[in-house]
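Heads up: the structure comes next, in structure tokens.
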Amino acid sequence: MHFVNNFSCLGRKLKIQSRCADSVVYIMWTKCSLANEMDAPSCVFCDIAKGKSKTILEADSEGFVIFRNIKPAAPNHYLIVPKQHYDSLMVLDESHITMVRNMEKEMQDFFASKGISTKDAIFGFHYPPLISVEHLHMHGIAPRSKMSFAFQITYKPSTPWFKTTQDALLCLRTKEKGSPP
């Protein structure tokens, strides 16, 4: 059984979704942002992308910025953030596949420019509700072998809470906007 209702509240769309599985009902509330909602009043990543923060930008392109994670899981832990505001993977759909591919390519190119090997690296996204900032961001972490046990769990590929880029792309190819992977 799959049930979805859309509501509007203070200019934001809310999607309520529930699924029944083994007699357990899981309900997920997800804010759905408009793509150009870059002026979200409390979005720290929007401020960083606009240069309104003391965060040092490691790279700045037309569509993305890259900066160090403030709580690194490994010696090289960077975030790539789109300049346009998207809350998370939950608000993306098939039309965003190129953007997600470009995020990974720019992060890989950035790693190469810094001499960081991608052989022992991971690139991916946390999945709501386990995200710290409601602004789409991809983690680039290397070397994975230097991560603590706790971080290995936090960034474990193909889990309900962390999606590699390939997981995210597969999800976007096969889902409707706002639905879980």
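Numbers here mean position along the shown chain, with the first residue as 1.
Every residue gets a Cβ built from N, Cα and C, even glycine.
Curation does not apply to TrEMBL; its annotations are automatic.
Lifted from TrEMBL, the feature list:
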DOMAIN    44-151  domain 'HIT'
MOTIF     135-139  motif 'Histidine triad motif'
ACT_SITE  H137  active site, tele-AMP-histidine intermediate
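The domain 'HIT' (44-151) scores a mean pLDDT of 95 in the predicted structure. Taken residue by residue, the domain 'HIT' (44-151) breaks down under DSSP into 35 helix, 26 strand, 47 coil.
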